[in-house]
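Visitor: Dropping the structure in here first, questions after.
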């Protein structure tokens, strides 16, 4: 490629600069606004091999989102223009959803801190599930009260608590309530509704 | 929740967010809507463009204030005085919507002779000093006992409760539509609010009288046949020891102005978590079962299913259907093992014995009652009141499972928390076994959220969550499977509930439980053939139907038809109710109580404000929304009292509030509230001010207080804590902070904690912008940077002295990129009498320049 002279580059620059064209009377909302960058720019969602509908994970306004993915990894998250709630818009938190999904601080392994330990250690999901199930059963069995001394039925354990739910799916809340309350007899079951 | 429930029948926002665009006046109070719900605030702005008046009332001047036509500053915790003043103005100037409110509310209903307001000693009649609670006998409709429309209908009355409330079927409650009877609600309200004069409003709230009157005029001017208004509120109302009553005051105001059930009218509760409405409907709460059914209580007449149904079933109003919903829920929980003989599994259900909400839970951890804890997507070390007490509690647990998307402050309390930083303990001394498990986000799993206006919306699984991340659906299902294996074969009676739980959720090829299968269980089906149900009117009391949450019935009306996934919004020419987008409980109704959008004869109040109306040709209610009323009930229907009607048959065709026993909005709440049938201004539990209404009963006598070693409360007017403190949220951060403090963009926009300090106070204390300051309360001290600002202004206290208002964002902690001290170290475990909600919006504190002398500064680096 021949070396471009300074005048060549100046001409190219002026041709690419949209202001002179607009000053010359071209419509600033049409071709006059175009530049090489705009001409060659591609939509960031173009590489997606799938798109799915989602709901913003932050507040309860319930903005609809479109998640664009490639190889089952997110490449962009945008407001869903068809939603009557957000009509394609997102707030600073909602617009950060992509950053949330791909945050370098996302946890991807199960960590365990033994009593009195000063650091985490990595454990397998299966080991953790097994240990949690055993601890749950042990604590429940040690603390379960069938009847009060006066014979009133209690059927509960006060030794295990659960916090959370307001950031989770309805279906997840349902299973939490069903297993913890109806199954295990836990009474200390709460979420952020009072926070 | 109890406020809207006792007033309008359901504890949820009455209107969809987009309907704000049709309001003529929007009062934003207890909310910084422009910053915290920006997308919803667009609709208020659209209303403004169409000529509506926007009003913001708040201790802080925010971007919401900047966008509103009128901004009124009030001292934190004085909302009831302000709203009571507007009610006073409307009643005394006869500016309320009489044609609407007389037939549609209980304003003409006559109350028991023994009722007395708090004008004298600061308590309503029925106060039991030794038990620190109210008896509600004198709050009742004359000669009747009215069951609460909230989850728990039962209340202590002496005698047979079910028999007492059954008299509601004998005839209509006594009313005087001339409003002259001295004990009709109108006259009681006039007496009660007589003290809330503009002068008194100015003295208590610090809001200038003229400004206050401008707001009164704007509210009155924009209500009536042709015009409607809405209130948008958030936890700035809830988070007070009088929170439920603040919301009640707003609801009464809307009831007087006819601003419920109509286009552009209503109470919009703006909630902070994506499915906080869903987790209240399908309650992961100690006192509620899914669908607002009360958790059986050991100290109530709930011994057997028969007794439970007897006292919790309202004789009149929609709640008379209660047994169908309760039995169907038990059938969903216990499946085939439930039978009539064991009360459909009722006998296996745990009984609560008192308040088991988060504040008592904190104390249960601290005093060793609780030894194991699951924390799923919550961050109590940051979000829990009295954070140091929370952290001491966590340190006493034997084990804790934290499930979240990142290393949270709660998960690392043993390494980086205040116990370590303040030198109280070393990690080696903390015996808690901690599991930290990666969870997943919407988009990484399929499921539904219920938004702030009851709209259930599905999200797909589109991408994979990183590494070993799993959904809570998988975790709880897997834990259930493993526990059921461990308990298999046990014959011990206490193990029967877990063994007999119906727990057979199918998994897909990726080992993920089918979320739609769970939603179908929530929706309900016929037991015999599994046929899905399309309406809760098909639920049965005889055990032949199973339904996880009756108010959600219809979300999955037939196989393959998940209406939470429906995505057909109305076009620009459409009615704008968007019935084809998602599913709004109950029965896809978008505006609750919408029978009230028509006059008693069934005609629209005006062409401009029409929604639902009676069609004589079709013989039914019709319009662009689903009627929140029996579809074919004529407006001129009258109950035949000879037949002792039950359910909604005991309501006339012009009583729109179907969930309430008498079909009329409860301006006066005869039951359901623990701190008074009408809102009364009380100062917060900690305050530099004295209540001029009744100085000897300055704060709410019924508020829950746990004054103990680790949770000391400063007495009112304590000179050590001269400033008022409120907490707030930032646009760029979310609640406990985890999902934004770990995100680079939001962390960069709001990188660290600060304290808003008024210019005048900063000048007195020699504090400049960016200086380190220490805030202190009886619970603890924190250090942060000063943000000296004129967004806050000094207030005059009722005694004429000057008081400064400070404000702290509470999202911060030590985890993530954006860090800072924990505001909740300062707050206390003290609660609203009804909800147990804490009082983090109004407390007393001290402020000084400087830093704390700490063992360890919070870490900044990522793990």
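Just so you know, the numbers here start at 1 and follow the chain as drawn.
Glycine is no exception: its Cβ is also placed from the backbone N, Cα and C atoms.
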Visitor: Choose the correct range: of B:614-649, B:722-757, B:758-793, which one does TrEMBL annotate as region 'Disordered'? Give that range.
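Guide: My reading of TrEMBL: the region 'Disordered' range is B:614-649.
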Visitor: Same chain, outside the compositional bias 'Basic and acidic residues' (B:628-646) by at least 6, Cβ under 8 Å from its Cβ: which residues?
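Guide: The answer is 169-172, 261, 315-316, 320, 586-587, 589, 591-595, 598, 600-602, 612, 614, 619-621, 652-654, 656, 658.
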Visitor: What same-chain residues lie close to the region 'Disordered' (B:678-720): Cβ under 8 Å, and 6 or more beyond its ends?
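Guide: Here the qualifying positions are 75-78, 80-81, 83-84, 117-118, 120-124, 127, 132-134, 188-189, 192, 195-196, 200, 203-204, 240-242, 245-246, 248-249, 252, 355, 359-360, 363, 366, 386, 388-389, 392, 668-669, 777-779, 797-799, 803, 828-833, 836, 839, 842-844, 846.
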Visitor: As a test of reading the model: what is the averaged pLDDT for the domain 'Molybdopterin dinucleotide-binding' (B:725-839)?
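Guide: Mean pLDDT, the domain 'Molybdopterin dinucleotide-binding' (B:725-839): 96.
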